[in-house]
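Input: a single structure, listed below in structure tokens.
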Amino acid sequence: MAMSQVVNTYPLSNYSFGTKEPKLEKDTSVADRLARMKINYMKEGMRTSVEGILLVQEHNHPHILLLQIGNTFCKLPGGRLKPGENEADGLKRKLTSKLGGNSAALVPDWTVGECVATWWRPNFETMMYPYCPPHITKPKECKRLYIVHLSEKEYFAVPKNLKLLAVPLFELYDNVQRYGPVISTIPQQLSRFHFNMISS
């Protein structure tokens with residue numbers, strides 16, 4: 001029987017946080033985003049995106065770092081890959097863009113680990129599925145979620161227009177209404193891992 005993989009999680013207090021220039025969203029509405037996705041699809045084909053699951057611990061319980069836009073919308077750090085870009089390299093590029101400092105010395109040592117989920121967008125709609133429906137031959141997006149193993153201490157630079165929240169797994173679990181289907185199922189995706197809670 002295979003042993004469950006170990007993920008080291010360090011206290012949130014080990015990490016330091018600063019700010020940097022705002023990271024403006026390319027779209028002002030969901031309709032705008034889907035319209036842009038359609039234009040990009042015509043040019044480049046299926047969109048491939050990657051997102052990072054960054055884990056810390058508080059009170060001996062795993063927490064995930066989420067970016068909050070406005071008062072309610074939360075998302076994992078990540079984004080769209082360039083055509084032909086390697087997924088791990090693309091995720092590191094996106095994480096640095098979202099949370100890296102302004103100098104190379106302030107960029108965390110991103111260690112991209114296991115892919116824990118793959119989601120599919122069959123049409124130019126908001127719904128995504130953890131499988132590609134059988135009648136869909138040309139899905140519009142494939143999104144992969146990766147664990148990103150953090151070092152014991154890091155510095156994160158958060159764009160001024162965003163908040164970085166540490167959200168416990170118990171709050172995410174089954175909370176589709178607040179976090180959507182992708183983020184709210186992360187606790188199930190992570191259940192095969194053993195969390196090594198390292199105190200400071």
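For all residues, glycine too, the Cβ spot is worked out from N, Cα and C.
Feature annotations, reproduced from Swiss-Prot:
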- 45-172: domain 'Nudix hydrolase' (DOMAIN)
- 79-100: motif 'Nudix box' (MOTIF)
- ARG33: site 'Interaction with RNA' (SITE)
- TYR179: site 'Interaction with RNA' (SITE)
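If you draw a 10 Å sphere around the CB of TYR179 (site 'Interaction with RNA'), it holds 22 other CB atoms from the protein chains shown. Its own atom aside, the Cβ of ARG33 (site 'Interaction with RNA') has 15 Cβ atoms within 10 angstroms in the protein chains shown. Across the structure, ARG33 (site 'Interaction with RNA') and TYR179 (site 'Interaction with RNA') are spaced 18 Å apart at their Cα atoms.
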